[in-house]
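Read through the structure below, which is laid out as structure tokens, and then see the notes.
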């Protein structure tokens, strides 16, 4: 069947979106394979090798002018320094949660994230919430509240992941720097701390790459690919798809994490988690229905 250029572009965008969110969803398999390495050490390798790969990509794409332009814009420079701290913290919490058998909490965090984004948009960008959006956010809050009050536990990992990534997304939206340039500068800001840790501070059986097996070293170097490849797929998808369309793929990642946690790694799906997940899933269904209704209304208005 013949497809127009726009349809071909949209099809490519859908494939890129599925690829990006699938890679994010199965990333825990990679981090589980590095279970013998400390979270801080994995984070440091992630920063170093992501920086190296991004530097190569920027050089090949002749994008150094874009990098220099951001560095010479104080507002963007300092905001990127803040986003570097946020994404670094997010990466560290995520790596720790996977290797400490808290993958369900990580999954919950990324389910909560779209709802938190709506709330942050209202608080900091002047966006107005529709009634169903309010209802969805309230349901999510009730789910977390029940876990706190009835079961006496707080999903700290989930809240930390959702909050750090939510504020990261908010600031990156304000900065308006392309993903590749932004992530390159963020890893550049984190590079000194990562290098100091790996060279002088790390004192573990895996910290000396000269003594590691080549298989382990290859896994550590692949941290750059694991970080950068899904991001490139995501930015390619974002350039080809409407934001509303892209939004429906964002649940692939946490859903795959959830399935991995329960079916592959045997994490306990306890009653407190089940209730919280039920409320979050219900909130996301309402959130998605509201998005569909808003999209149809906008098309009719045109």
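Note that Cβ sites are derived from N, Cα and C of the backbone, with glycine treated the same way.
What Swiss-Prot says about this protein:
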type	residues	note
TRANSMEM	13-32	transmembrane segment
DOMAIN	22-149	domain 'EamA'
TRANSMEM	42-64	transmembrane segment
TRANSMEM	77-96	transmembrane segment
TRANSMEM	106-125	transmembrane segment
TRANSMEM	132-150	transmembrane segment
TRANSMEM	154-171	transmembrane segment
TRANSMEM	183-202	transmembrane segment
TRANSMEM	217-239	transmembrane segment
TRANSMEM	246-265	transmembrane segment
TRANSMEM	275-297	transmembrane segment
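Tertiary proximity for the transmembrane segment (42-64) is limited to same-chain residues at least six positions away from its ends with a CB under 8 Å from its CB atoms, namely 31, 34, 88, 91-92, 95, 180-181, 183-184, 187-188, 190-191, 193-195, 197-198, 202, 220-228, 232.
Long-range neighbours of the transmembrane segment (183-202) within the same chain, counting only residues 6 or more positions beyond its ends whose Cβ lies under 8 Å from a Cβ of the stretch, are 38, 40-41, 43-45, 47-48, 50-51, 54-55, 58, 67, 70-71, 77, 80-81, 83-84, 87-88, 177, 227-228, 231.
Ranked by Cβ pairs under 8 Å to the transmembrane segment (217-239), the stretches 13-32, 106-125, 246-265, 275-297 are led by 13-32. Proximity of distant same-chain residues to the transmembrane segment (106-125), defined by a Cβ-Cβ separation under 8 Å and at least 6 residues beyond the stretch ends, is recorded for 28, 94, 97-98, 133, 136-137, 140, 155, 157-163, 165-167, 169-170, 173, 247, 250-251, 253-255, 257-258, 261, 273, 276-277, 280-281, 283-284, 287.
Sequence-distant contacts of the transmembrane segment (275-297) (same chain, at least 6 residues past either end, Cβ-Cβ under 8 Å): 108, 111-112, 114-115, 118, 130, 132-133, 135-137, 139-140, 142-144, 146-147, 150, 155, 244, 247-248, 251, 258.
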